[in-house]
Every structure is written in structure tokens, then in C-alpha cells.
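Have a look at the structure below, then the notes.
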């Protein structure tokens, strides 16, 4: 009996269980669970449609982490003049080892020192040192372990097309940046910014480029972004001192002069040259240079955000007593792709130098986000979350699902008689609060009564509240989970590249084409869009809202073979053949480009098919999924090597197939797959799974695939024809073979 009594639950524990069960079935819990489920559904759909296309931070990464100062990177520029510089991708410099045809900016990113064993969040403030045919690049790298700047150095043996990270040249206990490197009397010096030390230091190379020793302290002031130049018999030092009284940060400039870069230094009579208005470019933006006898100074326009852009000034007068400069055109075209460009939001530093050949080379840093972006995104995200929670709570109160009761005794303190005199003021205050809360409670009750009535106005009110809640859930997901909001390009072996997009269309699809061009021109790696115009009156290039050049190639004959016609004006090896009725994210396009660069001998696309059977039969992607593999990629959305693919398609051996395609106005993509398979014994196709893709061909009256069954019957006949001419297609390749999961 005693044992049985011990096992029987006590009355208090039973009451606790009953209370918990009642709470679980309470209207408040049910309402909150339903609201959370609805918010999760809305957030999940928004994440899938929008946020999943962004390049999200890798939780396992040791470098390139979100940073409030930005995500700075460094690009290369060339020209016959420092006033007419073009980015490296327009110069046709290539690197076959990384499938970069051409190499594209940025050439150095946070990944450069990170992969070299020095995890970094960004690289900025680049300075060149030219030594014969070798370029050395000194730059600030924000080290992850200390969260401060160190000076890194890289070397290029091919005029800047490829860079080798050599290591950290200078590391102090304080933040370092702006590594101004120069040569004087056969010694190489570095004058970095280290304003936290409150002095301007000069270092000398003991074993260039990695070993340096302190030569001397030039000036006992925390000078910012100091630049030297020898001009008209004197050495001039341009810098900013933000500790000077009455000046605006990033808006001050002062000048000093000396007979030697080692000092001593005297102040210019007009100091400070600038003291207000951050848009004037007072803060230095790189090395001063002399061109055709004139002296030029780059400065930073810091209006709106720090380092918004570089402004160039031509110095018309520089003496010990006078100074005058006027703005001139920098000569570098600004990025138009916003966050999808590596320098789309800001660029604040340039170093241009003349080579022995007479040409000019320059390095410039850039960022795709404004200063403080990661902090702002977190703030907006949490605000959206809190507003959504507040709206849910409000609706719960109004609908009666959530209630809040404060007993009257809460406002009456329990005290001993001896403490009454001390407690009376608190008691009076509590009574006031109680009266106010009672009044608020009556108003809430009245509001609940009004809103509980079933009227059109109340229904509209709650619909508006629901819409605001949905918007705020999307805001929270966008800013908290969306990274920096950019659809960034991927590197292969540390380098970026570009591709040309080719689409074939007709007059009847012009409306579709305009949407197509506007969307895809914003993708970071797109160099040019070529429109193969097969039929009808063609538009002009300026009819499109595009951030890249659009070229209309008018064909004489309306034939699907025109899709793969050789085009000597295409400047990239990689071509993305994409139908104008397919829309997908730029991020998925960039993934496909990266996969193609890993295997440029393959066709890499987004629409797989499995062709088998006896006789061969054409089926949809669902069949390939059932077979768990594929052996054909549709060229309506596929990357290929234009030099190989186009020449192969227009070779003599492909003539019979081309004639069949022209006759049936179909199957050009199948023919290309057979030609690839016939040319190699190794793998020729690879699939990339897009997050989502919209195919509007079924909505078009001119699409050849709008009648699905007829379309499939024609393509089945094509398979039999091409197999008899060119042999079988390759074996099946399984889905999900890539480690990154992009082919699932």
C-alpha cells in the first residue's frame, strides 16, 4: 500500500499538469502559434523567391565576414593617359589557368590574404611600386583576429593580370592603412597612416618588400591619408588633421613642404586649405601625379557616405604662400549595376603610375555597400521583426485572443505601520498610475468593441494591418538573412571574368525582350547582350534599359541556326545562350558561369533531359528526375565556349544536321548536344539547379513549344535523325554529384 501511495501523483502536481494542458489549449497560445506559423510561411516564401538569390555569408568562413566598414576590393586599370583609364576586362587580358577570358575586376579581394593564411574582411587603399616589369601592390587588409588594418603586399609578373599574395609587410599594435610607398636616394620608404599612434611615421625597407624598420617620426600629429609629391624643386606633403579645432571630419586638407621627404616640414601659409563640406574632396584619395607638366590630386567625395567616390583636381598654383586647384574629369566610367558591381556603391582611392613603355597603369579600390551597411541592415531587420510582433499582439488583444489582467493589489504596497510615512508618496504615485491604466483600459475596451463589429471598414482595417505585418516580416527576413543584398559573381582560382549573353528573338516578342535585357544586364559578370534578330523590324540599342552594351545582330534568314552563328565582335570566350522567355536570378546565372569556368570544355545549363529508349524518345525534366540523372542540356539556357561550339556547329560535318534544323524550325539545341558528344569521349554536359526559373513560353503565341505534344513529337524525330548521323549521346550523369549541391 505504501508503494502504491508513493506512485500516486500529489494534488498540486496534478493541478500543475492540468494548468499546463489548459494553457496549451488556451486561445492566446493557439493564436500565437497560428501567427508564428503564418509569419514563417510568409518569410519562407520571401526567402525562396528573393533572399535565396543573394550571396549569403558562409558560417564556416574564417575571412570575408560582414564588416561595418564595408567589403572593399581592388581593381586594375590601364590607359595611354591617367585621364583615360579603362578596367582590365576591356583590355583583353586573359588567364587560361583560371578560365578567365578575359580577366575582370576586382583582381584582389578579401579572399586573397585569407587564402594566403591571413584571414581578412576587406582590402583597400592600394599603392603600386613598379620595379622593372614587376608590379608590387601594397594595401590595407583588415585582419579578422585583431579587427584592425595591417599592410599586405602582393606581386604581379604580368602587368596586373594575376597576383601572388606575399604576406604582411607591416603589422603594428595599432591600425595601419594608406601605405604610401616611394623611392628616395636608392632607398624604398613607406609612410602608412597610423593616426591612433598620434604621429606620422616613416619606415624604410630592409628586405623589400616584406621587412621594414622605423626610420623616423616625420610629424607629431595624427595625420590622415598623407601623400608626398616632388614638384617645382620641393617635396610637398598633403594630409588631413581631424583634431584641428573647428573643422568637419573628412573635409579638412592641409599642406606642408620641405627640401627632403625626411623633413623637417613647414606648414603652408593657407592651412587648412579646406575645413568644411565633405563633398569637395578635401581628404586625399591616393597618390598625386604629374601628367604633361601639370600636377593632379585625387580626393575623396565623402558626401552621403564615407569614400563615396574619387574626385580629381588639377593643381593650378602651388607655392609656399598660395594654393589653387580646379576639378577635372577623372576619366573612369562609374559602375551602373549598384550592389551587383564590386565598386557599385563607392570608390575612394586611386594610384596611377607611368610604366617604362609610356603607358599608364592604375589600381583603384571599390565597395558594393555603403559605410555601416551591415549595422543598418541589422537595425532595419530587428525593427521589422518588432513591428510584426507588435501588430500580432495588437490583433490578439483586439480579437480577445490575448488578455492582460493586473490585479488592484498590484498598485497597493503591503507595509508595516512603522513604514507608512515612507511609503505614502509611492502609494500616491501608484494610485495615479492605477487611474491612468483604468482609463486606458476603458479606451481599449471601447476600441475592441468597435472593431469586433462585422463591418466593411473593420474588415478593411484588419486587411491593412495584415498587409503591414507581411511587409515587416519580409523586411526582417530581407535584412537579417539577406547578406549584403547583392547577387555577387563567383571567383575561380581567385579571379573574376565575364561572359556575353546571346538571345534570339522576333518583333512579336519585343515587350518580353525589354524585361529580359533590363533584368540580366544587372548581373555582375555580363559583359554584353547580343540580340539575334531573326524576323521583323528591329529596335535600336537605345530602346533598352540596360547597364551593359546591347548589340542588335540582324539576320537575313529566319533560322534557328542563327543562334550559334560565329560572331567576331564577341569579346569573351564564355557565352550564355538564353531564351528571352526565361527569367532566373542573377545569382543562379553566376553559379552557372562558375561551374562552366571549372570545366570550359562542357556545356553547363539549367534545363536537364534524359534521352533513352529504343527508339530514342524526348521527354521532360520530370522524367530525368525519375531516372535520377541526365545526359543532355537544353541550350535555351546554357553556357558554352563560343570559339569551340560555334565553329563546331558551322563545320562541314554538321551541315546535314543544320539543314534538318532549318527545315523543321526546331532541335538546334539537340544538334549541339550531339556535336559536343561526338567531339569528346569525356563528359560534355553539366547541370546547375536554379533556385527558381520562370518560363513564359507557354504564354506566348509565337513560341515553338506552346503545343507541348507536337513539340515533343518533332524532337523525338530529331533524336532519331541525329543519332543516325552522329552516334549516341553520352551516358547518364547523376544529380547531386557536386559537393556544393548546386546540381540537386
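Note: Cβ is positioned from N, Cα and C throughout, glycine not excepted.
Features reported for this protein in Swiss-Prot:
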ACT_SITE  669  active site
BINDING   534, 558-563, 579-581, 609, 665-669  substrate binding site
BINDING   581  Mn(2+) binding site
DISULFID  667-718  disulfide bond
TRANSMEM  31-51  transmembrane segment
TRANSMEM  378-398  transmembrane segment
TRANSMEM  460-480  transmembrane segment
Given the transmembrane segment (378-398), its same-chain partners at Cβ distance under 8 Å and 6+ residues beyond its ends are 28, 31-32, 35, 39, 404, 444, 447-448, 451-452, 462, 465, 468-469, 472-481
All-chain count of other Cβ atoms within 10 Å of residue 666 (substrate binding site)
19
According to DSSP, folded down to helix, strand and coil, what is the residue listed as 'Mn(2+) binding site'?
coil
Among 581, 667, 669, 718, which are recorded as recorded positions, the nearest neighbour of residue 563 (substrate binding site) by Cα:
669
Number of Cβ atoms other than its own within 10 Å, given for residue 534 (substrate binding site):
20
Which same-chain residues, if any, lie at least 6 apart from residue 559 (substrate binding site) yet have Cβ under 8 Å of it:
534, 661, 662, 665
In sequence order, what residues of the same chain, 6+ apart, have a Cβ less than 8 Å from the Cβ of residue 669 (active site)?
634, 635, 636, 638
Please report how many Å separate the Cα atom of residue 609 (substrate binding site) from that of residue 667 (disulfide bond), as a whole number.
13
Taking the Cα atoms as reference points, how far is residue 668 (substrate binding site) from residue 718 (disulfide bond) in Å?
9
Binding-site residues near residue 718 (disulfide bond) (Cα-Cα within 10 Å), from 561, 580, 581:
none
